[in-house]
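Student: To start, I am sharing the structure in question, which I have written as structure tokens.
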Amino acid sequence: ADWDMPTPYPDATFHTVNINQFADDIRNATDGGLNITVHSAGSLIKHGEIKNAVRGGQVQIGEFFLSLLANEDAAYGVDSQPFVATSYDDAKKLWDAQKPVITELLARQKLVPLYAVPWPPQGLYTNKEIATVDDLKGLKFRSYNAALEKFASLAGAAPTQVEVPDIPQAFSTGQVEAMITSPSTGANGKAWDYVSHYTPINAWVPKNIVVVNKAAFEALDEATRSAVLEAAAAAEARGWEMSMKETDVQTAVLKENGMSVVEPSAELLEGLMKIGEQMQAEWQDSASEQAKSIVADFAK
Amino acid sequence: MRKLLDGVYIGSGLLSAGLIAAICLLVTGQVLLNLITKFGPFDVNLTIPSYADFAGYMLAASSFLALAYTLTRGGHIRVTMLLNTVPARLRLVSEVACLALGAATAGFASYYMYLLTHESFEFGDMSSGIIAIPLYIPQSVVCAGLVILTGALIDLTVRTVRAGRPMLIQTSTE
Amino acid sequence: MSDLVAIFILFATLLVLLGAGVWVAFALMLTGALGMLLLSNAPIGPILATTLWGHSTSWALAALPMFILMGEILLRSRLSQDMFTGLSPWLRRLPGRLLHVNVFGCAIFAAVSGSSAATAATIGKMSVPELKERGYPTNMVLGTLAGSATLGLLIPPSIILIVYGVATEQSIARLFVAGILPGLMLVAMFSAYVIGYALLFPSRIPGDEEDMPLMDRIRASGRLVPVLLLIAGVIGSIYLGIASPTDAAAVGVVLSVVLAWANGSLSWAMLRDSLMGATVTSCMIAFILVGAAFLSVSMGFTGIPRHLAAWIAEMQLSPYALLAALTVLFVVLGCFLDGISVVVLTTSIIMPMILEAGIDPLWFGIYLVIVVEMSQITPPVGFNLFVIQGLTGFDILRVARAALPFFLLLLLAVALITVFPGIATYLPSLMGN
Ligand code: NA
Ligand code: NA
């Protein structure tokens, strides 16, 4: 069979490197019986439409940023809740708790999750040193979803909406003064061109997920299906390793290019944790039962 | 019937124009808030949540709602250079064929846009921004715009055949 | 079916549909559907719906109707007329006179807008009626507008440089800076062409009014003040940090309304007419854009652009030969697909070739933009041609003929930056690593 696989991120991003390897593994394991063409960087289907395109059978398999679906069910967004899971160990534990719930939710959309790989832990980009939460007060803080907006407000910052392509210009002109993203995203976008300080606060560890259309998957013969699952398991293990390595490599890249990489002070972390707890309490009021069960399971 | 159809084309055109005005007002509102935040005396956080999402959806709605209005005013681009060199009889045949082909394509697009909207409603698809917007709402407007366009093309096909001459105004200078 | 046979069938289909007078957007959709039917098993209808929806909601696209509305208001408020009256005494001695307004007007507007369609629509709305009324030759009016509007892509901000920067992980800030000198070079080349034309055919440039004394000239220049305020306001709002490039379009609309009010030409009827005019023009452009997007997605499914690029990769060419081959590929693809699609569909194959050949990816981004600029003015699918047909009623083939010299100038610019890569890389090199 020939499958098309739209992915949102460019070729050099480690997620895409991993996916290309995944496609090669399947091609080799099936002797070309299943040939997956990877369409990277949103070149075939835009990021926001990938899930629905796989669901509708327009393409058979695809990748997207899992918490993009947080507005559909809070369960998809637990990995982007600030200061819930902040290390790879925690992230792994959270994914173990999240996976059965997500599998069930996606099954309703005729989708089967194959594997998920985390981004490096999210850090803080600013143009001055941030020693305490008070230093964030009044800063224009890039927020693109409800959780981030809440976070910015609780930190006393001004949530500001800036679309990805406008980020460099927005920093240069002061339209935005702080953002949270991974060291990969920062290094790939040459963040040192417009921002001076990076504080690895490890706010959360979000994931990309690879899903396959249920009907397309079931149309494969037994041997091919197990080849896909095997390659997926390998890709997940490889992806987590790549992500960990990426964290160190890209943080070093930020430093080499003249950015001040400042380890967060105990005071800052304590303040941020407090905000995280407050958010968690409010989140409990509105989240779905499934989402709450994930967090309860994780907290065990 | 004639009045009703023309009313629909103009009405959807006006609605589309209203949406463009609304985008301007929304974005201007955000710029004013930015101005106040930057230079104003108050220590406040002023943003219109998800304004870029709203602007994008209004843009899609506006673009599709104006399709029929733009068609009836000769606003959609086509190459007329070759057509102007052929005999009137052939010209008419070609005009009817273009209209019918357009109607078929627009009808096809309308049908699948309807399916997409329906699926989006069934599954509860949401926008991913600060405010969760059910996607079927803007998608329904896009679908409506395509349906009106299909209607306008069928209407024009019938009128052109009846009149025996092209009905659309030509914007071409040469 | 072999790729080459399929390409031939698709090109022929598109040409026949367009030649028969099928609306451009429908012709693109039908060609895309045929491509998928011939070379892919993907379901056409659902993918058409996904593309129509997904490509019509972009935030960056929201600037388009607003800039077009700004142009409509300026036209109806006599502000554009005033601008020409104010400029005319100053350009008296420059061969080609007011034709340079198209070149410089587009260059200035390009500093605000990232798209060449918006640039053509806004500047053309004002300049075409003025220049035609003053008796400038149609060919030059259309050609300078079509050619200069492509600067919208090269002079920052630029949508295409953002797309390239994101897809290849180049710094967007550096790409923007890299576009400045080549952009200015093109402005100079276009202007030089206008001067050359005017010197060769002095009788075709309409004579102007009497030479004015300096004081009168300055007095006449007073009419330029509103337009200067408008430009300063729009660019200023970006650099003050209160507006993103898309937001700035709304600032332009508001300022043009204020200026129209100040010169007494504002009325409800005028606003309504401007809004309805902008609705038609932006709907026309948006419809073709989604049609082009569908053809481009269809090409992604068929794999044709990928295969062509891979075919070039197999030839193992030297850097100069590689660039020559790619230029031919992009010019050919650019005739039938819109420029951004060409970049999106081929980067995955082309970037590894470029890096292997030792070509600087930053420089390559600028090269690519100039090549994409060419595709904006080559028939049958060239967005500047569509916009200008919409504005003037002149058929796209007629506009394309007028724009041919500017296509050749762009080709010359590609050669120049290839021989002197510093034109693109010098300014960004000042930014450090
Ligand atoms: Na520009
Ligand atoms: Na072209």
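Placed from the backbone N, Cα and C atoms, the Cβ positions cover glycine too.
Residues or ranges marked as transmembrane segment by TrEMBL: C:6-26, C:33-53, C:59-77, C:98-121, C:141-163, C:175-200, C:220-242, C:249-269, C:275-299, C:320-350, C:399-427. The feature domain 'TRAP C4-dicarboxylate transport system permease DctM subunit' is assigned by TrEMBL to C:11-423.
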Student: Can you find at least 3 Cβ pairs under 8 Å between the transmembrane segment (C:249-269) and the transmembrane segment (C:220-242), where each pair is 6 or more residues apart in sequence?
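Tutor: Yes, since the transmembrane segment (C:249-269) and the transmembrane segment (C:220-242) share at least 3 Cβ pairs closer than 8 Å, they count as touching.
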Student: Please work out whether the transmembrane segment (C:98-121) lies in contact with the transmembrane segment (C:220-242), by counting C-beta pairs under 8 angstroms that are 6 or more apart in sequence and asking whether there are at least 3.
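Tutor: Touching, yes - the transmembrane segment (C:98-121) and the transmembrane segment (C:220-242) meet the threshold of 3 or more Cβ pairs under 8 Å.
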Student: If I count Cβ-Cβ pairs under 8 A between the transmembrane segment (C:275-299) and each of C:59-77, C:141-163, C:320-350, C:399-427, which range comes out on top?
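Tutor: So the stretch in question is C:59-77.
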Student: Report yes or no: does the transmembrane segment (C:399-427) come within contact of the transmembrane segment (C:141-163), defined as 3 or more CB pairs under 8 Å with a sequence separation of 6 or more?
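Tutor: Counting Cβ pairs under 8 Å, at least 3, so yes.
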Student: Any residues 6+ beyond the ends of the transmembrane segment (C:141-163) with a Cβ under 8 Å from its own?
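Tutor: For the transmembrane segment (C:141-163), the list is 60, 99, 102-103, 105-107, 109-120, 123-124, 127-128, 131-132, 172, 175-177, 179-180, 182-183, 186-187, 190, 194, 245, 339-340, 343-344, 365-366, 368-370, 372-374, 376-377, 384-385, 387-388, 392, 394, 398-400, 402-407, 409-410.
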Student: Which residues, given as numbers and ranges, are at least 6 beyond the ends of the transmembrane segment (C:320-350) yet have a Cβ under 8 Å from it?
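Tutor: Answer is 10-11, 14, 153, 159-160, 163-164, 167-168, 289, 292-293, 295-296, 299-300, 305-306, 308-310, 312-313, 357, 359, 367-368, 371-376, 378-383, 411, 414, 418.
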